[in-house]
Amino acid sequence: MDYKKGEHSPSSSIQILSDDATINSNYAYGEQLQSNDQYNNIQHPAPSFANPFIHEQDDSYSDILEEEPDEDAYDSPERPSSTEEFISQDESNISAGSSFMFPYNRGHPLSKRHDSIMVDEFGHEYIVEGDSIASADEAIDYDALYASWTAETKAPILAIDIENIYIELAMKFGFQWDNMRNMFDYLMVMLDSRASRMTPQEALLTLHADYIGGPQSNFKKWYFACKMDQFDLKSGVLSFISRDPSTQVPYKDMSSCEALWISRMDELSNYERIEQLALYLLCWGEANNVRFMPECLCFIYKVAYDYLISPSFKEQKNPAPKDYFLDNCITPLYNLMHDQQYEIRDQKYVRKEKDHASIIGYDDINQMFWYSKGLKALLLSDGSRIMDADVASRYFLLADIQWQRVCYKSFRESRTWLHFLHNFSRIWILHISVFWYFTVYNSPTIYTPNFHYLEGTQPARAAKWCAPALAGAVASFISFLALILEAYFVPRNNPGAQPVIPRLIFVSILIALNIVPAAFIFGFSNATQQHYRSREIVGYVHFFFSIGCVAYQSFIPLPFLLGPRFKFRSSSRKYLANSYFTNDIASLPWGRTLLSAALWITVFIAKFVESYYFLTLSVRDPIRFLQRMKPYDCYDFMIGASLCSHQPKFLLSLVYLTDLVLFFLDTYLWYMLISTMFSIAYSFYMGSAIWTPWRVIFSNLPRRIYFTLLAYKDLSTEFKPKIYVGQIWNSIMISMYREHLLSLEHLKGLLYQQVGSEYFGKQTFQSPKFFMEAAKGLNKWDAFFRRNSEAERRISFFAQSLGGKIPDAVPVPKMPSFTVLIPHYGEKILLSLREIIREQDPMSRITLLEYLKQLYPNDWDNFVQDTKLMAGDVGVEETKSDVKSEKGKKQGTVKEDLPFYCIGFKSTAPEYTLRTRIWASLRSQTLYRTASGMMNYSRALKLLYRVEQPNLLDDCDGNFERLEHQLEQMAYRKFRLCISMQRYAKFNRDEYENAEFLLRAHPELQIAYLDQDPSEDGEEPKVYATLINGFCPFENGRRLPKYRIRLSGNPILGDGKADNQNMALPFVRGEYLQLIDANQDNYIEECMKIRNVLSEFEEMDCATLTPYTKKGNARHPVAMLGAREYVFSENSGILGDVAAGKEQTFGTLFSRSLALIGGKLHYGHPDFLNTIFMTTRGGVSKAQKGLHVNEDIYAGMTALQRGGRIKHCDYFQCGKGRDLGFGTIINFTTKIGTGMGEQSLSREYFYLGTQLPFFRMLSFYYAHAGFHLNNVFIMISMQLLMLVFVNLGAMYHTVEICDYQAGAAINASLYPPGCYMLKPVLDWIRRCIISIFIVFFISFLPLVVHDLLEKGVIRAVARLCKQIFSLSPMFEVFVTQNYANSIFTNLTYGGARYIATGRGLATTRVPFSVLYSLYTGSSIYLGSRLIMMLLFGTMTVWTTHYVYFWVTMFALVICPFIYNPHQFSFVDFFVDYREFLRWLSRGNTKGHAHSWIGFCRLARTRITGVNRKVKGSPSNKLTMDMPRAGLRNVIFTEVFLPACFAFFTICAYTFMNSQPGLEDKSRAVNGFIRIWIMAALPIAISTAALLILLMFSCMLGPLLRKCSKRYGAVLAALAHAVSVFGLVFTFEALWFLEAWSFSKTVLGCIVIFAIHRLVFKLVVVFLLPREVASGENNYSWWDGHWFGRKGIPYMPIQFIREFMCKVVEMNLFAMDFILSHCILFSLTPILCIPFIDIPHSVLLFWLHPSRQIRPPIYTRKQNQLRRRTFYRYSLLFFALLCTFVAMIVVPLVLDQKLSYQFKFENSVKFFRLMQPSLGVLPNTNKNTSE
C-alpha cells in the first residue's frame, strides 16, 4: 500500500531495478523466454552497488531500496518552483511497500492469469475460447478487453450487441467469419481508444463522422462528387440524405442536399451508426487489392448499404453463400487488375510487355467512380446499366458488371520527359523567361543592324526594349505546349478532363500580342524608324506587358488561367470530384504562408542578382565577339567552308545552352542555402540546438521530464516530483546498461539512489551525481559516459529534445491506441552463429563479429564483463573497475578469458551462444533489432502507467501478478506491433526458428503473412492473409492462425512492399499507425514521448459540438506526422558516413523547413499516419508495378491532395540503418532515381504540379523533382562544357588569339591583326567551372550545419575533414551521375523495380569484372569520353581551373575501384586480373552467368527487347519483365543525343584540320573524309575477320567440334584479338596522318568513338530484331552448329541478325578491352606504393591501423595456386602495360629518327588524307570580326 503523510514503515521498500518495463529486454532472457526450455536458464545479472539498501532478489522481482518518508515530503501540489526541487538532496518521502518505483516484467505463466489454459506438445501455453484460437486479449470478457466501452462507462451500445450486428451482416452478405471477427475487434479497439478520452457517445459520434458522415469523411465527399444524392433522390428509396422517400428537393441544389445529409446523419440512431461502421469495415477488411481504390470501395459499400436498409435484407432468412462478397464483389475487380499485367504462357503467368500508358491501373479504375458519368457507364452482361436497376438488387448485380468493357485509361503515364515540361511549366516559364530577359539584353549585337565592333554600334531604344520583351511570347509558348500535352495526357473521354481549347485560344492571343510589337519594330521598321519616339513607346508597352504575361503565367496554375474552375457553384458539380480528390489542399496558416513567401522571395532575389552579375555579364563579351566572328581562309577539300566558316556560331550555341543550364543550377544552390538558414533559425526558435549551454540542458532535465513526459496535471500530489522523475530516469539508464552502452561504474553515477540521512530510520532519495555536476556547471562527463559514445548521443539528444515546444502528455489510459507496422520480405531476422563467426565470402578478410568488435569496442568490453559475471568467471571487485585499456586488457587476460573476448562465450550452451548472436544482431541491420526496439513502446507505456498510478498495487490488493497483468493489459490496449512477413509460410528452417524466437521473446507481437492451400487440379491455389502471435498454439509444428482471411488471389501485383503493407492493414489496431522499415531501431527514452507525439494529431480534446451541425469541425485533419531519424550506421566508414549524412540532413534539416512551408510529404520510415484518414483514402502507399516503386511518397501526395495536413516532429527520433557498401549505396540511389522517373509520369505529379499555389509548388518541386533534375543539369552542364572545351580548343590551337583586357573600351581594335578574340570565352569557362564546383560542394553545407546544431563545432569540422580526406567529394560526383543516369534511363527504357540494396557490412572485395560491368553504362563510359575531351582541352587551351575537372572526370571512372575494399592488395590485384580476363573471354560456346558477352547482350536487350515466343531457358541475366523501350524515347536518347555529340565534335575536328589562314584553297586536304575513313577502318577489319572465321566455323566446325570442345572459344578469342588490333592500328594510322600531332589525334579519336557510338546505336535501334533469350545464336556463330540446335527460330533472319550483332560486339569488345586496361594501368601507381592496403582500409573503414583487418588465411594448396597465378598474370599485365606505353613512345622516337616531312606534296600521295604540318597561319590583312 502507499503510505500517506505522516506514515512510514521501517521496512518499506521501493523497486529500483526492473527488466521489461524499464529496460530494453534484449538481454532479459529469463523473462522473455519462459516458454522455451532451452533458454530457461539464461538470466541477466543485475548490477550490484556498494549500498546497504540494495540486495539481490529472485528472478521475478528486482532489487529494492528502502526509505522512510519525511513528514513534509509531499507538501506542494503545484509545479515545483525551481529546478532544485528536482535535483536537491533533501529527504524525499518514499511510500513504504507500494513498489511503485518500477512495474514488473511479463513472464508469469498464463495459467496464473487465466483459467482456460491448454498446453501444446512443446509445453507452450495458450488460451482457448470455444473452438477458436484466441490470444490473451480474447480470453477475457469484453469489459476487460475494451475497458472504456462498457455498461459502467455508459456505452450507448454494448460490445456483445455490436458483435451480434457483425454476425448478422457477415451471414447475410457473405463475409468471411475471420474477417468478421477481425473487423469486430478492429472497431472495438477504435471505440475503446476514443472512449478513453471522451464519453462513449462522443466516441461513436466522432468515429462515425470520420468514416461516414463528417465534413472531412471521404465517403461523404465521394457521395456528393459522383452525385449519388441525385441517384438516391431519383430512386425515391431510403438513402443517406432522406429519411422520407417523398422528400422533394431540386436535384442540382447542393446546399439543400447537404442539409438533408446533415439532418440524416444527426437523426441516426446509435444502432444505425454502428451498423454503417460495421458494414464499411467488413467491406474494407475483405477488399484486399481493392483497398487501393477508395472511391470504388465507397461505391461497393453504398450498394451493400442500400441492400441492408431494404426490406429484402430483413426478409432474408438463409445466410449468403460462403465467401459471397469476396467472390462476387471483389474478385472480378482483382481479376481485371491481374489480367492487365499478366498473361499465360506455357501454363505460367508472365508479365505482359506493356508500359503504364497501356495498363488500366488502380487509379484508372478508381477515378471512374469519381463521376456520375462513370457510374452510369457500369454495364451488365445483358447490356443494361447497374444504376438503372432496383436499388436493393444492385448488390447482387456487382458480379455481373463487365469490368473489362467499362474501365478505361483516365490518365496516360506516357514515358517521356515532356511530363516535366507540363507538370512544372511555371518553373520553366519563370527561369527561361528571366534568362531571356538577361541574355537578350546583353546580346545587343544580335538585334543591332550594321553592327561593327570598331564603331561600337548600339541598338535603338525600341529594339533594346522589344527584343527582351519577347520573353512574354516564350512564356506563352511554353504554356501553349503544356496545354497540348495536357490534352494528350488526360484523355478527352475522362469526365474530369478540363476543356483545353479555351485556354489554348487565350494563350495564343498572348503569343500574338507579344509577337506583333516585335514584328512591327524589327520587321516593319528600318534602322532609322526604330529610333522614333512612337517606336520607343511601343517598346516600353511591349516590355511591361511581357513582364505581366510572365508573372501571370508563372504564378497562376495552368488549369486556372481562365479562372478557378474547381470552385463549384451550387448549380454545377462538374469539377467537384477534382476539387475533393486532387486539389483539396489544406491552406497554411498566415504566419507559415508569409514564411514560405519570404523564403522563396529571398531565394529568387539572391538567385537573379547572382545569376545576372556572375553568369550573364560574364557571357556578354563572348556573345559580342562570337556572334560577329567570321573565320577566314578555312577550307576542306571535300566540303569546302560549309562547316568551318560557321565554327564560331556552333561555339556560341553551346555557350548559350550551357549558360541556360547553369541558370537552372544555381536556383537549387540558393534554395539549399536559404532553406538551411531557415531551418537553423527554426531550430534555435524551438530550442533544439546544441548551442544551448549543457549546464542549462542537463540541470533542467529533471524538471523537463516531469512537465513533459509525465501527465503532471493528473499526478498524485502525495509524492514529490523527484520521485516520479527518478523512476523514469533510472529506467533509461538501466536500459542503456542492459544494452551494454554503459559500464557498471558509469551507471552508478547516473542513477537516483537512496542514501542514509541524518534522521534515524529515514532514507533520502539522492539525485545522480550527473545532475549535481551539471547544476554546478562542471564539465566532467567522462565520469558518466565515454565521449562520442552512443550513450552520450542518446542522453544528449534526449535532454535537448525536451527543451523545445512539446504538447503535454495525457494519462496513459486516455491516450489513443496505435500500431507499429513493419513490412518484411527477405531481411535478416536474427544473425546465426555461422554468419557471425565465419567469413561469408572468399574475398572477405574478416568475420562479422570481428568487424563489429572493432566498430563497438566499448560495447564489446561491457558485454564480455557482463557475460563473465553471468558465467561466474568474474568477481565483484572486477566489476567495479572501469574497462581496461587495450594494452592492460591483453596483459591482464588469462587464457581462460580468451574465448570471451574472441567470440563472447566459453560454453557452447545455447543460452551463451544466443547472447552473442543477439549482441551482433542488435548492432546490425536486422529485424530483431527493429522489433526489439519497437517493443520499447510497450515497456514505456507500462512504466509510465505504473509511475503515474502509485496506488495501482493497492488496487490489486498487493498482488504483484495481478499488477503485472493489469500493466500488460493496458499496454496491449494502447500499442500493437505487427510485422508483415510476406514470406513467413515459405521460410526455411533457420528463418522459421528466428521468427519463432521473436514470438517467444515478445508473445504479443503479431505476424501477418500470406498462406495458401495446396492447389487442386485445374484450380489456382487459394491465398489467405493470416495473422499469428506468440499465444497461438502449434499444430504439426506450425502455429495455428488467429485470423485467416481468404484473398482473391496473390495480392503481390506490384513491386511487393506496398502490397505487403496493404495485406497487413486489416490486422493493425488503433487510431494511428507508425510505418517502420525492417532496419530501424527505437529507444526506451524516445518511446516515453509517444503520448506527446500522438498529441500532435490534434485529436486529444473532447468534441464540444456534434460533427453533424453546420458549425461542426471542418478543419483539415493531420494526416501524417514526420519524425527525425538517427542513422546508426554513420560510424561504419566513409561510405556509411556519407549515406548517413544524406539521410540525416534530409530527414531532419530539410524536413523541418519543408514542414513549415508546406512541402513535406511521406517518406516511409518513421512517420506516423492517421489510420482512419489514410485507410479511407487508399491506404498507406500505392502499388502499381513499376509506377509506384517509391511507394511511400505517394501516400504523402495523396494526403496532400485530399485535404490532409503533414507535420514534422523534431523532438522524436528513431534509429535507422543505411547502406554501407559502394554497391548497395549506388543501388539505393538507382532505386530512388528510377522511382523519381516513375513519379514524374504519375497523375499525382500532374495534379500537384499544375494546381498547387505558386510558393508551395516551388517547395514541392525543389524538395523532390528539382533535386533529381538538378543532378541531371549538373551532368549536362559538364558535358556541354566539355564540348565547349573541344570546339574552343580546336580554334585556340589553329588560329592567332587576340590580346584581351576586361576593362578595354567596347570599340577597341583587335591586336594582333587577323586574330580571333577567344579569351573572353575562356574567362567565361573559368566562371562556369567555379559555378559547378560551388554547386557540388554546397551539398556538404547541410551536413555541416546539421552537425554544428546537433554535435558542436569540433565534431562537425572533424567529420567534414574526415570526409574530404576520405575522398568523399569524388564519391559525391559519382552519386550525382548515378542519380542523373537513373532518371535518364528510366524515362527512356522504363523497367523501374524495387532493388534490394543489402544491409550488411561492406568488407568484401568485389572483383574488377563485376564493378566494370555494373558501372560502365552508368558512369565509366561517360567518364572516359569526358576525360578524352578534357585531355584535348588541356593540351590546346589550358587553365588551372581544369584541375577540378580532372578530379571530377577521374571520379566518374575510378570511384568504384577506389571504394572497393582491398582493391590495392598486391597479390589479390593480379588474381583478380585473371578473373577479369576470363570474364572477357567466356560465354561464347556455353552459357555463363557472368561474362562479357552476357553483359553486352543485356545492355542491348533494353532497346531490342526479348523474343518471348521462343521457348528455352534464358541465359545470363536477360529479363522477361522489362518491356521493350518505346521507339520515340530510344530515338531521342540513343540516336539524337549521340548525333548531336558527333556533330559538334566533327565540327571541331573539321575546323582544326581546315588550315585557317591558308589562302591557297588548292592546297586544302581531305580532313572530313579522313576521319570517316578512320572511323570505318576498325569496323572493316573486324568485319573481314568475322567473315573469314565464319567460313572456318561453318566448314570445319562439324569436324573440329568432335576433336575439341574449345574450338568455338578459340575462334572467338582470335576474332576479339583482331578487333583489338584493328582499333590500335587505327589509332597509330590516324596519329601518322595527323603529322604526329597528339592533340589532333586525340580529337580524332573522340570523333571516331562518337561516330562508332552513333552507328552502333543506329544498327541496334533500327536493324536488330528482338533478342533470343537462350543465347543459342551466339554459340552457333562460333562453333558453326546452326542446324538442329534448339532455340534458333527463323534461321536465315537470325543469321543476318547475328552477323550485325557480331560486327557491333567486336568493336565494343575492343573499346572495352582498351578502356578496362587503361583503368587498371591508372591504378597501378597506387598499387605499387608499399603497404598501401593499410592506409586504403583506414580511408574506407575509419579503423585505426592497430585494428586493421587481418590478411586471409589460405591452405598450402591455395597459396601455391595463388602464387602461380600471381606470377603468370602479373607478367602478362606488365607486358601489356609496356605495350601500351610503346604505342605512344615508339612513334615519337621514330619521328625523331626518320624526320619524315609532312608537306602538302606528300599529302597528295595519300589522296590528301595526310595533314600537312603548317602551324598557325594568321592573315594580318583580314579581320575575324565586323
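Note: Cβ is positioned from N, Cα and C throughout, glycine not excepted.
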Looking at Swiss-Prot, which of SER11, SER885, SER1015 is flagged as phosphoserine? SER885
Any contact between the transmembrane segment (543-563) and the transmembrane segment (465-485), i.e. 3 or more CB pairs below 8 Å with pairs at least 6 residues apart? yes
With contact taken as 3 or more Cβ pairs under 8 angstroms (pairs 6 or more apart in sequence), are the transmembrane segment (1607-1627) and the transmembrane segment (1701-1721) in contact? yes
May I ask for the residues of the chain that lie six or more residues beyond the transmembrane segment (504-524) and have a Cβ under 8 Å from a Cβ within it? 447, 462-463, 466-467, 469-470, 472-473, 476-477, 479-480, 483-484, 530, 535, 538-539, 541-542, 545-546, 549, 553, 561-562
Among the ranges 597-617, 1375-1397, 1531-1551, 1701-1721, 1770-1790, the one whose Cβ pairs under 8 Å to the transmembrane segment (637-657) are most numerous: 1531-1551
At a C-beta cut-off of under 8 Å, are there same-chain residues at least 6 beyond the transmembrane segment (1770-1790) that contact it? List them, or none. 1470, 1473, 1624, 1627-1628, 1631-1632, 1636, 1717-1718, 1720-1721, 1724
